[in-house]
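Enquirer: Attaching a single structure in structure tokens format; questions to follow.
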Amino acid sequence: MNQRPIIALDFSSWQEVETFMQRFPEDEKLFVKIGMELFYQEGPVIVRWLKDAGHDVFLDLKLHDIPNTVEKAMQGLAKLGVDLTCVHAAGGVRMMEAAMRGLNAGTPEGKKRPLLLAITQLTSTSEEEMHQDQLIEVPLEESVIHYANCAKKAGLDGVVSSALEVQAIKQQAGDNFVCLTPGIRPEGTVAGDQTRIVTPAQAKEIGSTFIVVGRPITQAQDPYQAYQTIKAEWSQSNEY
Ligand code: C5P
């Protein structure tokens with residue numbers, strides 16, 4: 001659906017972001033992801049700076065707290081004008097409903113409410129770790145689908161999952177349910193701490209709505225070139 005891969009700006013300072021953005025043409029409008037690392041250092045002003053420069057922003061703070069706290073936090077985030085944000089599905093249906101209420105209440109009049117997604121299982125979590133650390137005994141895919149159903153029940157727009165689970169999620173939640181998938185690695189790049197990974201082309205074929213790519217772009221010798229290659233692979237029609 002979205003032609004641009006979302007670039008994870010996993011940097012810890014504004015300076016690093018600026019240096020990175022200088023590698024891109026000024027008129028290239030990007031879809032970027034700001035996570036906790038950057039947000040906790042630089043705060044809301046960096047979100048406004050990126051929005052003012054014409055970029056779309058996914059504010060990835062993965063909220064997980066009591067419903068009232070999440071509702072109030074989301075109310076504030078909506079005022080920043082971000083395009084996408086997320087909570088942990090593990091916070092429960094009531095918490096997710098509260099998050100949506102907060103976003104609706106905080107979105108300025110005439111503006112579009114940010115899309116709200118739920119994190120299912122992190123793409124760095126292996127099935128074994130899920131069993132051991134979370135004491136969830138069902139297979140990982142079942143846990144992901146369960147969380148997706150909870151998110152749908154709470155009225156969220158979609159989920160964040162590995163691309164490997166997209167088909168099963170869409171079967172349950174419908175084709176319009178947004179599936180945003182990190183854990184993307186082009187052929188020949190390093191997996192790092194990610195365990196459930198696919199290539200951009202595979203993500204496209206499987207039906208991801210958005211892909212998030214971090215290190216394969218941010219750590220590349222030529223980030224713009226890496227971005228272009230991934231974008232081309234992601235946005236091409238499914239011909240194979
Ligand atoms: O560098 P890499 O491409 O692995 O970055 C993936 C990004 O997606 C990171 O910012 C990470 O926090 C985020 N993410 C993830 N798995 C999730 C949700 C978000 O890897 N389930």
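Here, residue 1 is simply the first one shown, and the rest follow in order.
Even glycines carry a Cβ here, placed using N, Cα and C.
Please treat TrEMBL annotations as automatic predictions, because they have not gone through curation.
What you are looking at is a predicted structure, and each value in this text was computed from that prediction instead of being measured.
Found this in TrEMBL, in case it helps:
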{"type": "DOMAIN", "residues": "4-230", "note": "domain 'Orotidine 5'-phosphate decarboxylase'"}
{"type": "BINDING", "residues": "D10, K33, 60-69, T123, R185, Q194, 214-215", "note": "substrate binding site"}
{"type": "ACT_SITE", "residues": "D60", "note": "active site, for OMPdecase activity"}
{"type": "ACT_SITE", "residues": "K62", "note": "active site, for OMPdecase activity"}
{"type": "ACT_SITE", "residues": "K62", "note": "active site, proton donor"}
{"type": "ACT_SITE", "residues": "D65", "note": "active site, for OMPdecase activity"}
Enquirer: Using the alpha carbons only, what distance in Å do you get between G214 (substrate binding site) and K62 (active site, for OMPdecase activity) once rounded?
Expert: 17
Enquirer: For a Cβ distance below 6 Å to any atom of ligand 1, name the recorded positions from L61, K62, H64, D65, P67, G214 that qualify, or say none.
Expert: G214
Enquirer: Would you mind reading off the Cα separation of K62 (active site, for OMPdecase activity) from D10 (substrate binding site), to the nearest angstrom?
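Expert: Per the Cα atoms, K62 (active site, for OMPdecase activity) and D10 (substrate binding site) stand 14 Å apart.
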Enquirer: Mind looking up the mean pLDDT for the domain 'Orotidine 5'-phosphate decarboxylase' (4-230) in the predicted model?
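Expert: Overall, the domain 'Orotidine 5'-phosphate decarboxylase' (4-230) comes to a mean pLDDT of 95.
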Enquirer: Can you give me the Cα-Cα distance between D10 (substrate binding site) and D65 (active site, for OMPdecase activity) in Å, rounded to a whole number?
Expert: 23
Enquirer: Which residues, sitting 6 or more apart from H64 (substrate binding site) on the same chain, put a CB under 8 Å from its CB?
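Expert: In sequence order, V70, V87, H88, A90, G91, M95 meet the Cβ cut-off.
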Enquirer: Which state, by DSSP, holds L61 (substrate binding site): helix, strand or coil?
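Expert: DSSP assigns L61 (substrate binding site) to strand.
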Enquirer: Calculate the distance in Å between the alpha carbons (Cα) of P67 (substrate binding site) and D60 (active site, for OMPdecase activity), and round it to a whole number.
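Expert: Cα to Cα, P67 (substrate binding site) and D60 (active site, for OMPdecase activity) are separated by 18 Å.
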Enquirer: Per DSSP, G214 (substrate binding site) is which: helix, strand or coil?
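Expert: For G214 (substrate binding site) - judged by DSSP and reduced to three states - the answer is coil.
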